[in-house]
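Here is what TrEMBL records for this protein:
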BINDING   9-16, 22-23, Arg61, 88-91, Lys99, 115-116, 161-162  substrate binding site
ACT_SITE  His10  active site, tele-phosphohistidine intermediate
ACT_SITE  Glu88  active site, proton donor/acceptor
SITE      His160  site 'Transition state stabilizer'
Amino acid sequence: MSGTMVLVRHGQSEWNKKNLFTGWRDPDLTEQGIEEAMEAGRVLAERGMRFDIAFTSVLVRAERTCQMILDGVGQSDLETIHDQALNERNYGDLAGLNKDDARAKWGEEQVHIWRRSYDVPPPGDEGESLRDTGARVWPYYMTEILPRVLRGQTVLVAAHGNSLRALVMVLDGHTTETITKLNLGTGVPMVYRLHADSTVAAKEILGDMSGAH
Ligand SMILES: O=C(O)[C@H](O)COP(=O)(O)O
């Protein structure tokens with residue numbers, strides 16, 4: 001066994017609350033989102049988790065979640081790397097639209113395909129499918145994050161629903177079909193312990209993801 005990696009989706013954002021497609025837009029956390037981030041920190045602290053380094057995106061909802069978790073485990077000044085490679089998938093022309101309004105306009109099925117399919121990008125030149133998102137998240141994981149875990153470090157990654165789905169897809173061995181059913185809850189830590197060959201030795205979810213959609 002080598003090191004440990006904790007993946008956590010940011011706490012609820014203002015736009016999660018308003019049910020808006022967010023992507024690369026940059027809303028802050030809600031009060032509930034702050035509470036979720038603090039709870040994640042508390043749960044990890046209770047387990048005695050200590051990190052060697054943290055990674056987050058360049059979007060404030062993930063950056064603040066990351067910092068609150070570090071505050072919670074008593075490591076406020078820990079080295080934290082912010083990188084766009086961990087950003088949420090770019091939602092293209094859907095960004096800023098209400099998800100229910102989009103369903104009314106384009107139909108439930110089309111919106112589900114945009115949100116959860118593996119390889120259908122949302123409309124607009126910038127829109128990223130999950131595959132497109134993985135194409136930037138994976139190289140970053142392989143070069144910056146995984147080597148540290150394999151050296152035995154404990155690493156925190158605070159990112160987003162879809163940038164983390166892209167990682168979890170491969171870690172957990174999802175197919176392009178089963179990944180469409182995976183939803184990550186806000187502020188719920190997923191603790192991965194890896195074997196020396198980088199496969200997953202153990203996974204533990206510290207919270208409830210059953211309500212995630
Ligand atoms: O960018 C967003 O709108 C959300 O963070 C994730 O959206 P999704 O649940 O539609 O993938």
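Using the three backbone atoms N, Cα and C, a Cβ is placed for every residue, glycine included.
Curation does not apply to TrEMBL; its annotations are automatic.
Features per TrEMBL, on structure.
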residue	record	CB count, 10 Å
Arg9	substrate binding site	31
His10	active site, tele-phosphohistidine intermediate	30
Gln12	substrate binding site	22
Trp15	substrate binding site	20
Gly23	substrate binding site	24
Glu88	active site, proton donor/acceptor	27
Arg89	substrate binding site	27
Lys99	substrate binding site	16
His160	site 'Transition state stabilizer'	28
Gly161	substrate binding site	19
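Of the recorded residues, Trp15 (substrate binding site) and the residue listed as 'active site, proton donor/acceptor' place their C-alpha atoms 13 Å from one another. Taking Cα separation as the measure, His10 (active site, tele-phosphohistidine intermediate) is nearest to Glu88 of the recorded positions Gly23, Glu88, Arg89. With Glu88 (active site, proton donor/acceptor) as the anchor, the candidate binding-site residues are Gln12, Gly23, Lys99, and the one with the nearest CA is Gly23. Under 6 Å, Cβ to nearest atom of ligand 1: this is the test, and of the recorded positions Arg9, His10, Gly23, Arg89 it is passed by Gly23.
When secondary structure is read from DSSP and collapsed to three states, Gly23 (substrate binding site) falls in the coil class.
Taking only the Cα positions, the spacing between Gly23 (substrate binding site) and His160 (site 'Transition state stabilizer') is 9 angstrom.
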